[in-house]
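Listed in Swiss-Prot:
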- 282: active site, proton donor (ACT_SITE)
- 303: active site (ACT_SITE)
- 418: active site (ACT_SITE)
């Protein structure tokens, strides 16, 4: 898979002056004696992250579900427990709608009673299975949703059958969800202890929903393996993941930019952007440091944010993911009855015009708007490319956080709202 990185800014950047720091942090990421080794399972790829026996078991389970006309899987999880899988599905399949294909629905990622009610109403006419994903089982959003939905499934088909359609992805060492799964004889998939939620899509956390949707997981793994090898050097000039990390750091530290906007030109990348926001937001946003991760979809958001980006305050830079080959394309035909200027575009395709919009917008924002732009060009939106891109960003994120001087693998600030909510509810977490 080809990934190109191009910087579009008048700012002069000195990368080589940071090579010694990069070497130090590269060793910290890759050394088996690293002080962070208990959080680096995602980087020990595929040896730690991939369990071939578990994937084979998942394949058999999915095949059995499909043979029994169970064509809807409800994935219950929040944060890294669902964002990676949702990002992968949309990235690889597009947004549909799809007919006569397995459907994956995501719940447990909010406390909206309306959303939960409406999706349960939809499920009343469906044969569905449940995959609840939580390392501990004590996170309130998925815990509540699982309790309600599992009882709903029992009411629909009975407890005995409901147990055969409920799958638990959790820690195999301890936790409330593990105890529930064991006491109710539910199928268990492992959440690997050394892989944090936001780094977990390339593991059992992401694979079961993807297999259910008939995604080629082997190609995702292959793309990630290739990226892991490609970005295994500490050389800034040869490692684009580290070059991206250093670009971000310099924008923040040397030029006082406070926000990075990840921009895509395809709506099916909305949830990839959301996954990226969690990855960098939770990894870097601590000790009063870090770039604020924002996102936009162009050309849609040019009609809402375009004015601000062009002429507003200059406290942000843009990283653009551009996909060279679209999934599908449509030609524009001339309509004689339409005496409009659009007729002059007949003979072109929609993707050609989207590409020209990308070129024009990048030029306008970088040259006239004085916003630094970093362009990541990827070949396509295949499973292999998805795996590659995930590994690219995960490696870049770890390096970026180390450059910033923060721990990439904890998220202590998240506990504050959880603790206050528990107090409000009189709930012992």
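Cβ coordinates come from backbone N, Cα and C, glycine included.
Not measured: the values here are computed from a predicted model.
When the Cα atoms are compared, residue 418 (active site) and residue 282 (active site, proton donor) turn out to be 15 Å apart. Between the CA atoms of residue 303 (active site) and residue 282 (active site, proton donor) there is a gap of 29 Å. Listed in sequence order, the residues of the same chain lying 6 or more apart from the residue listed as 'active site, proton donor' and placing their CB within less than 8 Å of its CB are 79, 198, 411, 414.
Cβ neighbour density within 10 Å is lowest for 303 among the active-site residues 303, 418.
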